[in-house]
């Protein structure tokens with residue numbers, strides 16, 4: 001389903017996330033990794049902050065939280081949101097919030113954005129990028145929305161939907177499929193290649209929009 005990562009001598013990845021979907025994507029892609037979730041609570045959007053800036057910042061904050069507690073490896077922080085009609089849609093707080101999100105998304109185009117931060121443990125060297133996927137959700141009847149809400153599949157998912165659940169009312173128009181699930185593997189492989197100096201293998205198909213690059217020595 002997704003690109004498979006060739007075996008290399010790269011340092012292991014430390015996934016700064018408890019997301020089962022991100023874990024499964026890394027497993028399916030063949031990465032060597034461990035999991036160390038962030039300890040600090042996730043902050044929300046800042047005033048007048050764009051979706052791109054928000055996911056980049058939150059991915060960086062997650063990586064920063066974990067990199068302070070490990071000695072070796074490459075820490076991977078990630079944050080994913082949906083954006084529709086100028087509104088940022090994170091994980092729904094409950095069924096009513098999920099119903100609101102689906103009502104906004106149905107019958108319209110929207111975007112899923114993921115910020116990625118790779119941080120080399122023991123250094124101040126990190127990189128931040130953003131992947132963007134454009135989707136369309138078919139118009140949904142109230143009955144169909146209620147049936148989906150009753151299934152519970154909306155829980156813990158940005159925008160209250162999961163592309164991986166295989167619903168025929170959601171389709172990708174442009175960008176990375178794995179990004180919609182929660183981790184853009186094409187962008188991850190490209191960033192790892194840049195950080196480790198290895199040549200990236202395979203076609204990188206993820207469409208990216210990048211915040212100002214943070215791939216240099218920085219003082220925090």
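Cβ coordinates come from backbone N, Cα and C, glycine included.
Keep in mind that TrEMBL annotations are predicted by a computer and have not been checked by a curator.
Remark: residue 79 (active site, proton acceptor) has 42, 54, 55, 58, 59, 62, 114, 115 as non-local neighbours, by Cβ distance under 8 Å and separation of at least 6 in sequence. Annotation source TrEMBL lists active site, proton acceptor at 79.
According to TrEMBL, the region 'Disordered' annotation covers 198-220.
Taking the Cβ of residue 21 (site 'Important for substrate specificity') as centre and 10 Å as the limit, one finds 17 other Cβ atoms among all the protein chains shown. Sequence annotations record features per position, and here TrEMBL assigns site 'Important for substrate specificity' to 21 (among others).
For residue 80 (site 'Important for substrate specificity'), the number of other Cβ atoms no farther than 10 Å from its own Cβ, over all displayed protein chains, is 29. Among the features that TrEMBL reports, site 'Important for substrate specificity' is placed at 80 (among others).
According to DSSP, residue 164 (site 'Important for substrate specificity') sits within a helical segment. Contacts of residue 164 (site 'Important for substrate specificity') defined by a Cβ separation under 8 A and a same-chain sequence distance of 6+ are given as 21, 180, 181, in order along the sequence. Annotated site 'Important for substrate specificity' per TrEMBL: 164 (among others), in sequence order.
According to DSSP, residue 79 (active site, proton acceptor) is assigned to a strand segment.
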